[in-house]
Amino acid sequence: MTTLDDKLLGEKLQYYYSTSEDEDSDHEDKDRGRGAPASSSTPAEAELAGEGISVNTGPKGVINDWRRFKQLETEQREEQCREMERLIKKLSMSCRSHLDEEEEQQKQKDLQEKISGKMTLKECGMMDKNLDDEEFLQQYRKQRMDEMRQQLHKGPQFKQVLEIPSGEGFLDMIDKEQKSTLIMVHIYEDGVPGTEAMNGCMICLAAEYPTVKFCRVRSSVIGASSRFTRNALPALLIYKAGELIGNFVRVTDQLGEDFFAVDLEAFLQEFGLLPEKEVLVLTSVRNSATCHSEDSDLEID
């Protein structure tokens, strides 16, 4: 049974404040504060350490390990599939290029066989209707052009005007030349109207038609009469295979005293006395600039 003093002392004890108790409680709070981070960091460190190696051996750690394993397995399978696709694509491209090359070689072989063989008019008509033969027609035209080009350049090349020194040389030039060679001889004398123009034209045409043999000779060298010299010059004689196929006297009557290479060329082409020339190899007389002769001061436009 409590006395009045106990009650008074007890109430005092309940409301009594001790500094030592406060210090003890502060120490406990600090200890708990220091221990909290250590305990909170433990689960994070227990999840994964290194590359996919779980430190936590509990159920959650086993599940995470399994998920990581399946993820790596899926990535590896996808990489293998991509590598397989790249390999298949590479092999298909190489096979396709090889097949294309064989097909192109076979096509060229077939075209060559067609070109080498003889074509009838019926076959030519059928090829015009067939789109696949368009390439063959182009190839055929190209080969024909090459053949014509070779025929054009076959035989000797002259490219200049030759001076005949004597009457005997005049006869040898006609008789001893190849039968396929076309020979044009300008008979001239200095001071005759049209002679200088003819000399300049011959120089230009000799460069344009290298397979044609252009020559000139004085009328006095071949023993022509004075009457022929006065009335027939300038004269142009054309021979082939030893035969006279063209004889034009007093050319100034047709071309005038002042004419150009293009005029003489057109005049000879009108009579069919000039061969076909390759337009791509030599510049046309119509587009030539200026022709100079060592023996003449005449300028040809």
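For all residues, glycine too, the Cβ spot is worked out from N, Cα and C.
When you go through Ser39, Ser293 in Swiss-Prot, the residue listed as phosphoserine is Ser293. According to Swiss-Prot, the listed position annotated as phosphoserine out of Ser54, Ser97, Ser296 is Ser296. Checked against Swiss-Prot, the residues Ser20, Ser41, Ser288 yield a single entry marked phosphoserine: Ser20.
Shown in sequence order, the list is empty: the chain has no residue 6+ apart in sequence with a C-beta less than 8 angstroms from the C-beta of Ser226 (phosphoserine).
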